[in-house]
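These come from Swiss-Prot:
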| type | residues | note |
| --- | --- | --- |
| TRANSMEM | 13-33 | transmembrane segment |
| TRANSMEM | 59-79 | transmembrane segment |
| TRANSMEM | 96-116 | transmembrane segment |
| TRANSMEM | 122-142 | transmembrane segment |
| TRANSMEM | 149-169 | transmembrane segment |
| TRANSMEM | 178-198 | transmembrane segment |
| TRANSMEM | 200-220 | transmembrane segment |
| TRANSMEM | 240-260 | transmembrane segment |
| TRANSMEM | 276-296 | transmembrane segment |
| TRANSMEM | 325-345 | transmembrane segment |
Amino acid sequence: MNPLIMTTILTTVILGTLIVMMSSHWLLIWIGFEMNMLAIIPMLMKQHNPRSTEAATKYFFTQATASMLLMLAVLLNLMYSGQWTVMKLYNPTASMIMTMALTMKLGLAPFHFWVPEVTQGIPLSSGLILLTWQKLAPLTVLYTISPNINLTMLLTMSIASIAIGGWGGLNQTQLRKIMAYSSIAHMGWMTTILIYNPTMTLLNLVIYILMTTTMFMLFMTSSSTTTLSLSHMWNKTPMIVTITLATLLSLGGLPPLTGFMPKWMIIQELTKNNNIILPTIMAITALLNLFFYMRLTYATSLTMFPTTNNMKIKWQFENPKRLSLLTPMIVLSTLTLPPTPMIIILN
């Protein structure tokens with residue numbers, strides 16, 4: 001893609017998200033969502049093939065439907081209260097429709113079906129943007145309207161997302177689909193705690209973006225898109241095999257890695273609110289995610305694909321400069337659990 005066009009598209013994507021995040025007027029929020037959606041579609045179609053076109057079309061239809069529901073909720077609320085302000089969402093029907101629209105944009109169950117299909121059909125770089133940056137705008141609006149959200153509806157969607165994110169990834173061999181199901185599960189954890197402690201949702205989001213970005217960068221460095229290609233990683237870049245192992249386990253939420261921090265804090269916060277059954281279900285379903293990450297870990301570092309002797313020295317010709325950006329990301333996504341008690345005290 002032409003660098004000038006790519007720069008324009010990226011600027012529009014960023015601008016659309018920032019408009020949503022900084023607006024207190026529903027019409028501006030809707031405009032920001034539309035700008036963001038229309039700008040990211042060419043990024044999804046960077047590779048000119050039928051699969052990427054199909055993925056972009058699915059993304060467009062889903063996001064357009066969500067935008068229609070969002071505008072319907074805004075108009076219902078306007079008829080009820082006469083207000084365009086985001087904080088003035090008092091109509092229960094409008095609140096319910098708004099929650100459906102935003103969860104559809106996020107990819108929460110039962111509106112999650114588009115996430116694995118779209119992620120699988122696009123390049124790794126576009127998948128990274130889709131699963132990280134594109135979550136910021138809907139989560140910001142959910143954060144803003146959290147006092148007026150139907151608690152039962154959101155918790156049901158969240159628990160379903162955690163369970164589906166775990167079950168869906170079990171049989172997958174495509175790394176992009178696995179990351180998509182992981183995203184669904186992480187969104188479930190974030191929206192569960194949104195009602196009780198919105199600040200913790202933001203902390204969870206930052207950690208999720210760090211871990212997901214690190215994982216996608218590792219996949220792009222080793223050109224891996226399937227579990228089979230992960231077994232070739234030790235030939236190409238043996239130095240990052242151990243790093244990949246730690247990052248995968250961190251993404252699965254295994255202590256003492258960074259990924260355990262949000263789960264620990266969320267379970268503790270729910271328990272403080274005398275909610276015992278909910279964190280128990282969440283902790284059990286989180287084991288499903290950990291299981292398929294353990295499978296990836298096994299494929300990455302504990303198996304060796306049959307190769308010739310010439311293949312075994314291929315890593316010597318790789319350019320180590322590409323790994324320079326990965327270093328701080330790896331440290332942050334695996335080794336930031338120790339400050340957790342201090343964060344809990346400050347919170």
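Placed from the backbone N, Cα and C atoms, the Cβ positions cover glycine too.
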Positions whose Cβ lies under 8 angstroms from the transmembrane segment (149-169), at least six residues beyond its ends: 92, 95-96, 99, 103, 108-110, 112, 116, 142, 177-178, 181-189, 191-192, 194-195, 278, 281-282, 285-289, 291-292
Contact call for the transmembrane segment (13-33) against the transmembrane segment (200-220), three or more Cβ pairs under 8 Å: no
Beyond the flanks of the transmembrane segment (96-116) by 6 or more, those residues with Cβ under 8 Å of it: 33, 58-59, 62-63, 65-67, 69-70, 72-74, 76-77, 89, 135, 137-139, 141-142, 145, 149-150, 153-154, 157-158, 160-161, 163-165, 168, 177, 180-181, 183-184, 187-188, 191
